[in-house]
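Feature annotation from TrEMBL assigns region 'Disordered' to 61-82. Residues or ranges marked as compositional bias 'Polar residues' by TrEMBL: 64-77. Under the heading transmembrane segment, TrEMBL lists 143-167, 188-209, 215-232, 241-260, 266-286, 317-335, 341-358, 370-394.
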Amino acid sequence: MSLAMRHGLLRKKGHTTLPKASGGIVCKAASQRVAFAVELHSRCRFQKRWKSGPQFTLPRQPFHPQTSAVGPSNIPDTQEHCSEYEPPKSGLLSMIPASWVPYAELIRIDKPSGTYYLYFPCLFSTLMAAPMASPIASMNAVFGTSLLFFSGALIMRGAGCTINDLWDRNLDPHVTRTRFRPIARRAISPFKGVVFTGIQLLAGLGILIQFPATCLFYGIPSLLFVASYPLAKRVTNYPQFILGLTFSWGAIMGFPALGVDLFSHWAALTTAACLYTSNIAWTVIYDMIYAHMDIKDDAQAGIKSIALKHNANTKKILTGLGATQVCLLTAAGLASGAGPAFFVVSCGGAALSLGIMIKRVNLKDVKNCWWWFVNGCWITGGSITLGLATDYLIRLSEDDSENPQNR
């Protein structure tokens, strides 16, 4: 009995539907096979009837249930993607209310290295500007200014992360390390992300107005770099340079914060310029190492980076950047009139720590790159801070001896 006749008998007997199967795809696939067979049978009969006429052949279209129009969509399922996410079960994020977790993840509160990298340039400039103030800034002034800078770094780093994730919400799902970020997994909507950004920027402004009024003039332009960095990853192979302009801005801010006018103090302006560019080189170094963690996913997602552009010569570039950083740091010390403690501890410590890191980091190992990114912050940043603090205390002590009336 032909398949068409069987199909007709089934319809006469009332079997208008196919037996149920586990899952809608199987039923729909079976329906397609029946339709396919009936059409094939009809065309074969047509060809036999009209042998003298043109021959018709059924197009060769292999059946793929999962890519069929009646099957599941080949677009990634957001609910399935979110189901893979596991809420934190340890650490700081596990101690806060569940509704707060996405926002805490958004500002990377559990990954504070970015805050430290943003804070160190502020601390460097504060310690370097303190001896250049007239009179030399007191320890209370230096400590209070440093504390305000840390608060600002914590808030503005979070704002920067939120802005970055808003721009990258369609790219992050394609990168293994970032696919579970709150906006990427839709735990936070873009609208809520924008509102949250506004709240953070207002909080940052609240910190900024605690400084002298001139700091507003110096601080506001940095927002341009904060907003443009995520776009740089789409148009240039050197987004790390834009990040350097952003994260190093604090290397300028310490001077007006302690009342040192850069436009009327040539030595201070030169010092700030050298310190700023030195920190740009440092930012490119650590972010180039950081970029190697995502190098494969970035290539597939179309994200640009200096690590992708110069993958074969990364160590050579890191070496050149390290030398540039140390030379500019030395120039900043010379312009500020720093003493031997700065050149030995800060410059020497930076050269030694950067050299060891560049030699030992395994750019093919994600965990090793992450270790150096996290710990290099404290090794290099700590060395520079220690030298600057020592130099400041020595010069403060000398000033107290020479001018006791200033205290």
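Using N, Cα and C of the backbone, Cβ positions are placed for all residues, glycine too.
Remember, TrEMBL labels are computer predictions, not curated facts.
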Using a Cβ cut-off of under 8 Å, list the residues of the same chain at least 6 residues beyond the transmembrane segment (317-335) that approach it.
128, 267, 270-272, 274-275, 277-279, 281-282, 284-285, 288-289, 306, 310, 342-343, 346-347, 350-351, 354-355, 358, 384
Selected stretch (most C-beta pairs under 8 A with the transmembrane segment (241-260)) from 188-209, 215-232, 266-286:
266-286
When you check the transmembrane segment (215-232) against the transmembrane segment (266-286), do you get at least 3 Cβ pairs under 8 Å, counting only pairs 6 or more apart in sequence?
no
Under 8 Å between C-beta atoms and at least six residues away from its ends: which parts of the chain pack against the transmembrane segment (188-209)?
102-103, 106-107, 148, 151-152, 155-156, 158-159, 162-163, 165-166, 169, 182, 215-216, 219, 223
